[in-house]
Amino acid sequence: MCGIIGIIGKDDVAERLVEGLRRLEYRGYDSAGVATIHDGAIERRRAEGKLANLVKELDRDPLPGTTGIAHTRWATHGAPTTNNAHPHATKEVALVHNGIIENFKALREELTARGRVFDSETDTEVVAHLVSELVEQGISPKDAVAQVLPRLHGAFALAILFRSSPDMLIGARLGSPLVVGYGDGETYLGSDALALAPLTQRIAYLEEGDWVIVTAGGAEIFDRDNNPVERPITISGVTGELISKGNHRHYMLKEIYEQPVVVAQTLRSYLRRMEDQVSLPVPDFDLGAIRRVTIVACGTSYYAGMVAKYWFEQFARVPVDIDVASEFRYRAPVMEDGGLMIVISQSGETADTLAALRHARSEGQKIAAVVNVPTSTMAREADLLLPTHAGPEIGVASTKAFTCQLAVLAAFAANLARAKGRLDGKAEKELVRHLAEAPAALNAALAYDESIEAMAHLVAGARDVLYLGRGPDYPLALEGALKLKEISYIHAEGYAAGEMKHGPIALIDDKVPVIVLAPSGPLFEKTVSNMQEVQARGGKVVLISDYDGVQAAGEGCIATITMPKVHPLIAPMVYAVPVQLLAYHVAVAKGTDVDQPRNLAKSVTVE
Ligand code: HGA
C-alpha cells in the first residue's frame, strides 16, 4: 500500500507525478501529495481523500519544478488527514514513504529531545527529521542517507528530495518495493513499473537493502553495505494505458464479466486441449520430489488456497497445510525437506505473504507463486512462477483474480497428481475436460445477473448475513461473506454448513439472511440438512444451487439463485459469480463506493 513516485525531469513534473499517482491509487486513497523544488525552496501540495482532491488543489495552486516526488497514502500511523499526508518535509528535505518505521517512537523521542518539532502523527516524519538534521549540519545528502538508513527498523521504500541538490533524488528500499526507471535525459523512481509505464519501459528493480542516487543522467545504486552495485535494466512491457470501465458502471462489474475470457486465457497456459493433458508454463520443475505443500496467502487469495487444499489432497494425495500469511510468518511452522510453499497474491507484493515466502525459503522450501503481476517481487523470488492471466484488476474487491487463481491451482493440483503417479491418462483427460468447461459455465452463471439484482434488496437491509457451504464450497462461503463486508459494509460471516449447530445457529432469527451455497454433488444432501436446521429456527434462507438442487430444496427459501449444473471440480469457480454479483448489487443498492471501499487498498504492502 501507499504508492510513491519521483521524477527528475526536463520540464515541470507535477502533472506527470499526478498521472503516476493515478496508476498507484490501487495502493491507497486516503490522501495524496506532491513536493517539488521551486525557486530554491521545497514546496508541497497535499489533500485528504481521493486523488481528485489533490488535482483540485493543484489547479487552484499549481506547483512548478522539474524535480519532484509524490505519494498516495493508505494510513498506518496517524489519521488520513492533510497534515499526515506525504510528502513530509523540513526546510531542507521532503520525502515519501511506503512501509512502517517500527522504531519510530524511540526515534521521535530522541529527535524531540534535540528540539525537533513534528507536524504529523506519522511514523514517516522521523525519517525526514533524521536526514534533515544531518544535512543541516553540513553533511552531504548521500552521507546523511547512508547514516540514517541503518537506524530504521521495519519496512520502507523512500524517495527523498533535497533543497540543496535540486537535480537529485535518493531512493531506498527494505521490505517495500521500489524501482528505478531510465528515460531519455530523465530518471524516475516508482513503487512499480506500472506507475512509470507512460514515462519509460526501462526498469531496474532494487533489491532488499539497496539505495540509489538518481540524477537526470542515470542512477548510482548501492547495497545495504554501501557497496556500488549494478541491477539489470529490464523492459517492463507494462502498458501505459489507463484501463477504462467500458460500458460498465463500476470496474468491479466489468471484472466480474471478464471472468469467462480471463479464465479461458489462464487455462490456455495450463491445459493442452489437443492431448487432453495438463501442463505447466515451466516444464522442467521437479514436481515428483514434493512431499508436502504449504499454502500461504491473505484475504480472497487465502480462500482460493483453501479450495485448492481439497484438490491437492483429493488428486495428488499430498498433505497440505494452509495458513494466512500474517499468522504463518510469526509462529514456528515445521517445514521439512521436500516441502513446496505456494504463495498466492494478485499483486505479488502482499507484504505478509512475501515475508512468509522469504521465511520458507530460508527454511529450505521450494517456492511456487500464483500471481497476476509477472514482474512482481514474488514472481521474481519464486522457483516456479504460476501466472494468472486476469489482466489488471482495478476494483479493490478481488473477483477475476480469484477465479483465475482457482483455475491455476486446479491445473497445478492435477500436474502434481500426475507427477506423483496418482492420475492416469483417463482421469487426466476427464479433469482437463471439466476444467475446459469452466469459461462457458462462468458465462452461463453471468446470465443470472438480473435475477440476483432483483433479490439484492432482501440482503441490503440486513445488519448481519451468514453464508454456508461445505467442502470446497465452504471457502466460497467465506469469500461471499468477505465480498459483502468489503463493499457493502454489512457484517457477514461464512461458516462450514455442518459447523452451524456448534454455535452460530444461536444467531439465527428472521432478520439474518442465510445464503446457502449447495451445488448438486456428493455434499448436497448434507448441506441441505444444515439449511433445514436453519429454516426450522425461523432463518430466512437464500439458496444458490443448480436447477435440480433448487427443485429439491428451494421450497421455503426467501429466494433461490439457479446456477448452471456443473461438475463439482469447477463449482467453486462458477459459484464465485453469484456471490460476487450479490455483494455488488447489495453495495450498489446501499450506495457505497464499490471500486474503492472505505479503509481498504488493493495491494497490501505493509505487514
Ligand atoms: N506508515 C506510513 C506509510 C503507510 C504505508 O506505506 N501504507 O501502505 C503512513 O502511515 O503514512
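Counting begins at 1 with the first residue displayed.
Backbone N, Cα and C atoms are what each Cβ position is placed from, and that goes for glycine too.
Quick look at what TrEMBL annotates:
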ACT_SITE  Cys2  active site, nucleophile
ACT_SITE  Lys602  active site, for Fru-6P isomerization activity
DOMAIN    2-217  domain 'Glutamine amidotransferase type-2'
DOMAIN    281-422  domain 'SIS'
DOMAIN    455-597  domain 'SIS'
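In this structure, the CA atom of Cys2 (active site, nucleophile) is 10 Å away from the CA atom of Lys602 (active site, for Fru-6P isomerization activity). Using a 10 Å Cβ-Cβ cutoff, the residue listed as 'active site, nucleophile' registers 27 neighbours.
A C-beta separation below 8 Å, combined with a sequence spacing of at least six in one chain, links Lys602 (active site, for Fru-6P isomerization activity) to Tyr26, Arg27, Gln346, Ser347, Glu393, Ile394, Val396. Here the domain 'Glutamine amidotransferase type-2' (2-217) returns a mean pLDDT of 97 for the predicted model. In terms of DSSP secondary structure, the domain 'SIS' (281-422) contains 62 helix, 28 strand, 52 coil.
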